[in-house]
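A short worksheet on the structure shown next.
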């Protein structure tokens with residue numbers, strides 16, 4: 001039992017299974033935990049323990065998600081699996097489970113199906129950077145040519161959505177056989193090969209602290225004789241005393257200098273990702289900065305008003321709208337710490353959007369917000385959340 005000892009200093013990578021219903025996502029998830037436990041140590045999780053996914057509430061949205069963990073020799077993986085298609089849509093749009101890479105499970109017996117396509121599209125929209133394919137149920141296909149045909153179809157589908165289809169790793173196997181302990185090529189070795197492929201193909205994610213500094217502003221105070229202090233939680237990067245920073249969003253971008261960082265009334269020489277701090281700004285007046293703006297490393301983020309969004313509209317049961325909305329709908333968009341009104345343009349041919357739907361739409365805000373692709377937001381009406389979305393692509 002010597003291999004039970006976990007190394008907690010390994011890099012953490014977040015992954016998840018995506019793909020059409022009944023193509024074997026949950027079976028593969030269980031097989032991954034079993035194979036990793038047997039080969040490299042750790043704990044296996046049974047199929048039932050994953051399939052009965054607990055419901056969680058993320059921004060008021062009910063999402064059923066299973067979380068499992070497994071280890072390769074060099075990494076610790078946190079893996080999400082969802083029981084239903086609607087759960088995937090909600091999960092990916094809210095960013096409840098941000099993925100560094102996804103495992104697309106496709107049945108070799110059926111080939112790509114509607115949700116295969118939809119999950120690839122969602123991955124593109126919400127910014128999942130890498131996809132690895134597991135061609136499942138390979139034991140049910142005797143004809144090698146048929147396997148190759150399905151592989152080609154999957155590669156074409158990935159390329160359709162700007163993933164590198166020709167270079168995407170595809171592993172053929174049987175998740176069920178692997179889960180049963182089968183040691184033939186398509187059983188446990190195929191799943192082991194999948195994990196080794198994740199190790200090689202998905203790069204180690206950059207830690208928040210190594211990214212360019214960004215802090216959403218929550219509050220603004222003026223301290224007599226010292227100047228203006230803004231408070232908030234540092235989202236990423238580090239701000240050091242003496243560094244030049246920009247104030248971005250709502251108004252024209254301005255430059256200032258950080259002349260002090262405080263945490264719990266103690267003076268620090270820097271504020272780091274994850275910390276709640278007060279930042280003292282040189283020469284900035286109390287009325288020149290407000291909640292909803294961000295402090296950022298100069299040049300690292302710009303303000304925008306127009307973008308394409310992928311949106312999930314809450315159902316009535318989730319406390320959302322009871323009625324559909326139409327083209328020209330003008331709700332508030334809640335970014336980080338503030339609401340901004342925006343107008344929605346629906347895709348051509350879409351008359352209306354019903355509660356419980358997901359939709360791609362064009363949005364134009366009445367004031368610019370510091371944004372980049374992948375930024376999450378809530379849609380609100382009078383302070384009540386009626387939707388969740390992600391910036392798929394900035395247009396202006």
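Note that Cβ sites are derived from N, Cα and C of the backbone, with glycine treated the same way.
Listed features, source Swiss-Prot:
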DOMAIN    10-206  domain 'tr-type G'
BINDING   19-26, 81-85, 136-139  GTP binding site
REGION    19-26  region 'G1'
BINDING   26  Mg(2+) binding site
REGION    60-64  region 'G2'
REGION    81-84  region 'G3'
REGION    136-139  region 'G4'
Residue 85 (GTP binding site) has its Cβ surrounded, within 10 angstroms, by a count of other Cβ atoms equal to 14
Take the region 'G4' (136-139) and average the pLDDT across it for me. 97
What three-state secondary structure does DSSP assign to residue 26 (Mg(2+) binding site)? helix
About how far apart, in whole Å, are the alpha carbons (Cα) of residue 82 (GTP binding site) and the residue listed as 'Mg(2+) binding site'? 8
DSSP helix, strand and coil counts for the region 'G4' (136-139)? 2 helix, 1 strand, 1 coil
The rounded CA-CA distance in Å from residue 85 (GTP binding site) to the residue listed as 'Mg(2+) binding site' is 13
I want to check the contact list for residue 19 (GTP binding site): same chain, sequence separation of six or more, C-beta distance under 8 angstroms. What comes out? 25, 104, 105, 106, 115, 116, 119
Here the Cα-Cα span from residue 138 (GTP binding site) to the residue listed as 'Mg(2+) binding site', rounded to a whole number of angstrom, reaches 16
Local Cβ density at residue 22 (GTP binding site) - other Cβ atoms counted within 10 Å: 13
Looking only at the region 'G3' (81-84), what are its DSSP counts of helix, strand and coil residues? 0 helix, 1 strand, 3 coil
Secondary structure of residue 85 (GTP binding site) (DSSP, helix/strand/coil): helix
Filtered by Cβ under 8 Å and at least 6 apart in sequence, the residues in the chain of residue 26 (Mg(2+) binding site) near it are 17, 47, 50, 51, 66, 81, 83
